[in-house]
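Lifted from Swiss-Prot, the feature list:
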- Glu69: Ca(2+) 1 binding site (BINDING)
- Glu73, Glu76: Ca(2+) 2 binding site (BINDING)
- Glu76, Asp82: Ca(2+) 3 binding site (BINDING)
- Cys75-Cys81: disulfide bond (DISULFID)
- 53-99: domain 'Gla' (DOMAIN)
- Glu69: 4-carboxyglutamate (MOD_RES)
- Glu73: 4-carboxyglutamate (MOD_RES)
- Glu76: 4-carboxyglutamate (MOD_RES)
- 1-19: signal peptide (SIGNAL)
Amino acid sequence: MKLAILTVLLLGAAVLCLGSKDADHSNSVGESHSSEAFISRQESASFARLKRSYGNNVGQGAAVGSPLESQREVCELNPDCDELADHIGFQEAYRRFYGPV
């Protein structure tokens, strides 16, 4: 028990000593650590390059993987078809609403 109390007191003293070092520093703008958080635009651009795509797929969505996927998306947009798809499956619901494909 005495060892635990002694350990806690020792750690508390260490925290007080280390904490008082930071309190001695001035918080002026020139010495502030927050000024180190900002870098110039040129420096930020040197490591944060964006991938650019020029005109190939502008305005187009991603290609649909399979015909079933496009049918599923059409069925999901119709609330009645979507509800029926929950009960009997989307292929059968799509067939009932939009006919055989």
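Every residue, even glycine, has its Cβ placed from backbone N, Cα and C.
These numbers come from a predicted model, not from an experiment.
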Mapped DSSP class for Glu73 (Ca(2+) 2 binding site), helix or strand or coil: helix
Candidates Glu69, Cys75, Glu76 (recorded positions) with Cα within 10 Å of Asp82 (Ca(2+) 3 binding site): Cys75, Glu76
Position of peak Cβ density within 10 Å, selected from the binding-site residues Glu69, Glu73, Glu76, Asp82: Asp82
Alpha-carbon distance [Glu69 (Ca(2+) 1 binding site); Glu76 (Ca(2+) 2 binding site)] in Å: 10
Cys81 (disulfide bond) versus Glu69 (Ca(2+) 1 binding site) - Cα distance in angstrom: 15
Cα distance (Å, whole number) from Glu73 (Ca(2+) 2 binding site) to Cys81 (disulfide bond): 11
Cβ neighbour count (within 10 Å, all chains shown) around Cys75 (disulfide bond): 21
